Amino acid sequence: MPADFSLLHRICKLVVLLCFFHIAVTVFFYVRSFDIPLAFPHKRQSHNNTTQSGLDTHTVSTSRTEWNTQNEEGTAAPQSEPGQKSVTEPRKSLEKCPETSPLLVGPLWVEFNSPVSLEQIKDENPNVQLGGRFKPKDCEALQKVAIIIPFRKRDEHLKFWLYYLHPILQRQQLEYGVYVINQDGDETFNRAKLLNIGYRESLKDKDYNCFVFSDVDLIPMDDRNTYKCFSQPRHLSVSMDKFGFRLPYNQYFGGVSSMSKEQYLKINGFPNNYWGWGGED
């Protein structure tokens, strides 16, 4: 009997332990059932915060893009709400440049004793674009001018021309492009044909309405001698030092001259069959 009672006592203790373990597990999961609804809203709120954070980042990125657009174009595009089409305001047009530029300084000192380099010219004219093009930033130029230079083996003359003329042309508030038309080889030079080629090639870049035809070795000594077009073809080099600042003859029209597109077409350009340098104009 004592042995049986001892065995029964152990079995009862085991049953009690199992019941206690069962009750503990039941209570544990019961308590956890209260935590689950609380955890779900927390995760949902966290998801909303993440989504809102993504929108904020997108907004900052959009604002940065619009700031860059403002720096480059001069006007800022209005911000649009997500899902809406972007609407941009039309760019404000610049005022026309004055007939006489206020930037002109008058007589200039021109000398050719110190050599110049293309790198120096580039560094001193940061607003001149690739290809020798320039457009005023603070006003709209009255004319679009193509400056055409017939050229062959005159590198040093060309450097001086670029060195002096780029600052002058910018002060004159012109929208311009420089076209150096080179004739290769050693055959007789055909200045007239080069001018005609320059006219046609320049119009492939821009709809120019004024054309200045210039020798590469002529530098203006006064920036008030504006390289633009007038109601009639204009001789811009009427007073040159090599001629004692006088015309060599009354009909002389060489050196530097300007014609509008209409004037050039009216005279049908220059004679291609006139070979040589001088008298063809």
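From the backbone N, Cα and C atoms, a Cβ is placed for every residue, glycine too.
Database features (TrEMBL):
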type	residues	note
COMPBIAS	47-87	compositional bias 'Polar residues'
COMPBIAS	88-98	compositional bias 'Basic and acidic residues'
DOMAIN	97-229	domain 'Galactosyltransferase N-terminal'
DOMAIN	234-281	domain 'Galactosyltransferase C-terminal'
REGION	43-99	region 'Disordered'
TRANSMEM	12-31	transmembrane segment
Exercise. Could you tell me the mean pLDDT over the domain 'Galactosyltransferase C-terminal' (234-281), as a whole number?
Key: 89
Practice problem: Could you tell me how many residues in the domain 'Galactosyltransferase C-terminal' (234-281) are helical, how many are strand and how many are coil under DSSP? | Solution: 9 helix, 8 strand, 31 coil
